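Below is one structure, written out as structure tokens; comments come after it.
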Amino acid sequence: MEGFGSDFSVGGSSAGKVDTGAIMEQVKVQIAVANAQELLQRMTDKCFRKCIGKPGGSLDNSEQKCIAMCMDRYMDAWNTVSRAYNSRLQRERAKM
């Protein structure tokens with residue numbers, strides 16, 4: 001009689017083996033989605049607080065312009081920081 005959980009043993013059939021590559025890809029996708037959601041949430045919070053003085057049923061023209069400009073600046077800043085961070089990571093990895 002085989003032991004409990006023998007489908008995941010090192011030897012034997014590949015039917016029960018875990019595909020770690022596929023799992024890693026799924027985790028990477030989930031992390032990317034979570035990061036994008038967090039970026040969007042932070043940007044929305046900051047721009048709302050900056051641009052909306054008195055919340056109402058709709059945005060006036062100046063509020064719309066303020067939000068658009070705020071979001072553009074936020075994304076530009078995030079992209080600049082992201083590029084600098086990735087560049088630094090690459091330099092650090094090259095030193096290893």
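Even glycines carry a Cβ here, placed using N, Cα and C.
What Swiss-Prot records for CYS47-CYS70 (among others) is disulfide bond. When secondary structure is read from DSSP and collapsed to three states, CYS47 (disulfide bond) falls in the helix class. A C-beta separation below 8 Å, combined with a sequence spacing of at least six in one chain, links CYS47 (disulfide bond) to CYS66, ILE67, CYS70, MET71, TYR74.
Below 8 angstroms of C-beta separation, not one residue of the same chain at least six residues beyond the ends of the motif 'Twin CX3C motif' (47-70) sits close to that stretch. According to Swiss-Prot, the motif 'Twin CX3C motif' annotation covers 47-70.
Positions annotated as disulfide bond by Swiss-Prot: CYS51-CYS66 (among others).
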If H, G and I count as helix, E and B as strand, and all else as coil, what does DSSP give for CYS66 (disulfide bond)?
helix
What number of additional C-beta atoms lies within 10 angstroms of the C-beta atom of CYS66 (disulfide bond)?
17
